[in-house]
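Engineer: The Zn(2+) binding site annotation in Swiss-Prot covers ASP115. Sequence annotations record features per position, and here Swiss-Prot assigns region 'Fusion peptide' to 469-489. Look at Swiss-Prot and you will find 535-551 tagged as region 'Immunosuppression'. Annotation source Swiss-Prot lists motif 'CXXC' at 334-337.
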Amino acid sequence: MDRPALPKSIKDKTNPWGPIILGILIMLGGALGKGSPHKVFNLTWEVYNQEYETVWATSGSHPLWTWWPTLTPDLCMLAQLAKPSWGLSDYPPYSKPPGPPCCTTDNNPPGCSRDCNGPLTYLTPRCSTAWNRLKLVLTTHHLNQGFYVCPGPHRPRHARNCGGPDDFYCAHWGCETTGQAYWKPSSSWDYIRVSNNASSSDATTACKNNNWCSPLAISFTDPGKRATSWTSGFTWGLRLYISGHPGLIFGVRLKISDLGPRVPIGPNPVLSEQRPPSQPEPARLPPSSNLTQGGTPSAPTGPPQEGTGDRLLDLVQGAYQALNATSPDKTQECWLCLVSSPPYYEGVAVVGPYSNHTTAPANCSADSQHKLTLSEVTGKPLPRKGSQDPPGPVQYHSGARQKYSLSGGSRGTMWACNTGLTPCLSTAVLNLTTDYCVLVELWPRVTYHSLDFVYRQVEGRTRYQREPVSLTLALLLGGLTMGGIAAGVGTGTSALVKTQQFEQLHAAIQADLKEVESSITNLEKSLTSLSEVVLQNRRGLDLLFLEKGGLCAALKEECCFYADHTGLVRDSMAKLRERLNQRQKLFEAGQGWFEGLFNRSPWLTTLISTIMGPLIILLLILMFGPCILNRLVQFVKDRISVVQALVLTQQYHQLKPLEHGRAIVK
């Protein structure tokens with residue numbers, strides 16, 4: 001039997017470009033994973049007990065590391081599942097305060113125990129009854145008692161002798177960094193400050209009503225606002241300054257929720273969407289009402305998804321309609337060409353109004369195209385810079401820096417930053433970073449050519465008297481949002497037509513940007529799929545060279561490892577899809593009732609345009625007809641009176657006057 005031919009050498013099958021491709025994947029993964037610092041997340045600050053169970057939380061939509069609220073949990077909430085001395089060792093979180101309530105002289109609730117107004121004993125304060133919680137309130141608000149807080153594992157090296165959780169991190173004096181005590185403990189490096197959040201009288205009233213009555217106020221210090229490990233949480237110990245120094249453990253952590261699921265690996269669908277513009281469908285005959293025997297009605301199918309050709313054609317058509325509505329003289333004989341090489345969009349800087357918000361509005365929650373950047377911005381901008389920028393010709397808005405706020409531009413505008421496009425700016429991020437942002441209108445790269453230029457191109461002339469000038473749509477329509485439309489309010493039909501044409505172009509731009517986002521997502525999937533193939537080949541080669549210690553040992557080279565950063569990309573794109581849908585809903589909700597009427601009823605446009613002319617003429621006749629008729633009748637009457645006077649005067653003769661001094665004798 002013949003021996004089978006040996007396969008080719010492994011070296012011949014190994015792609016020499018494999019390490020280079022792997023390095024490019026790592027670089028692209030890291031670049032795509034970097035998001036905008038102004039991106040809005042759903043943040044939740046949680047306070048947990050010693051069992052790491054959340055006992056209090058507050059949520060909000062803000063950029064990362066810009067929202068530092070005051071946390072107000074109750075002291076007895078922190079004692080849930082703590083040591084038995086607190087009386088809540090078996091009490092689950094988020095439960096109502098346990099009873100029984102206190103007895104009063106005016107009203108004794110059923111099952112009450114002890115008189116709330118009676119003298120308190122020196123028993124250890126607990127949280128199991130209203131009377132014990134009242135004792136705890138008087139302890140925490142007492143001038144010579146109170147409580148103190150010691151940091152956990154995040155403390156510096158010189159504080160390592162402060163003990164562990166068994167000592168509540170307060171094994172020695174001097175370990176405390178904050179609290180409510182007569183010596184006012186403080187620190188310059190700890191992350192929080194803790195104090196009482198209610199006066200003694202208010203807390204006493206809440207205790208007598210059988211409620212939680214020992215609220216704390218946990219605020220963040222400057223070192224705490226600079227820390228970026230809040231997602232894993234930090235722990236502290238709290239002890240009462242009374243006999244025995246009872247204590248408990250609590251912690252604070254930040255939860256970033258609403259992260260999208262993992263994207264499955266599959267084929268690249270980018271090329272499948274490269275379709276030419278769709279042709280108009282021919283008119284179809286109405287289906288017969290009689291179904292064939294055994295037949296079933298077909299399920300209605302939705303409209304097919306637009307391809308690349310349709311989206312590009314929509315951009316050109318929207319550009320023409322907007323240009324024709326604003327400058328009809330420029331569209332008599334011209335060519336509008338969509339630029340096929342990047343950059344595909346350009347910004348026109350505008351000086352327009354923007355609003356500040358303490359919470360993220362709907363349009364700010366739209367995680368718009370942070371992966372897209374602008375290489376060209378024209379016009380006179382309204383810039384905003386971070387506080388760490390070098391001095392330059394920029395307008396600082398100091399009023400917005402006094403507290404956290406989000407600056408959102410008017411409709412149709414976006415902020416172009418060095419980190420990408422964003423609908424809103426976080427003033428807290430600007431204070432901490434060196435970002436530079438400009439309020440711009442976004443326009444597609446559509447060049448405007450006159451008819452002579454096209455003729456010269458067709459005739460094949462290669463020599464020009466001067467360099468041909470190509471105007472872009474941004475130069476022709478720049479400032480339409482802040483200038484043309486804003487100034488055209490109240491000018492009648494012309495402003496309404498311009499607004500409608502601009503809205504159509506704006507909708508086409510948003511649709512194209514959405515597809516660009518989808519292409520970036522598909523590119524990220526392709527990179528992940530390619531990295532999986534490369535890693536599988538690497539594992540296969542390691543198995544083949546297992547006797548020699550693996551591929552790296554056989555090649556006598558250093559081993560390379562792949563770090564996958566595409567998880568952040570998947571999370572960002574999932575948020576981006578959700579917020580693009582919110583932006584589309586906001587765009588539809590912003591239309592007036594007049595525009596919405598035409599959008600909901602297409603036949604209404606033809607009907608109104610048909611009957612509007614005769615209806616206006618009829619209204620004019622009804623308004624001015626009686627006046628004109630009265631004037632005509634009055635004119636006829638005047639002419640008739642003159643004719644009657646002439647007829648009467650024809651029957652008489654004028655008498656000659658008598659001479660002076662002559663008498664008539666008969």
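For all residues, glycine too, the Cβ spot is worked out from N, Cα and C.
Give me the local environment of each listed feature.
Structural biologist: Mean pLDDT of the predicted structure over the region 'Immunosuppression' (535-551): 78.
The helix, strand and coil residue counts that DSSP assigns across the motif 'CXXC' (334-337) are 0 helix, 4 strand, 0 coil.
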Engineer: Determine how many residues of the region 'Immunosuppression' (535-551) DSSP places in helix, in strand and in coil.
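Structural biologist: Counting residues per DSSP class in the region 'Immunosuppression' (535-551), I get 14 helix, 0 strand, 3 coil.
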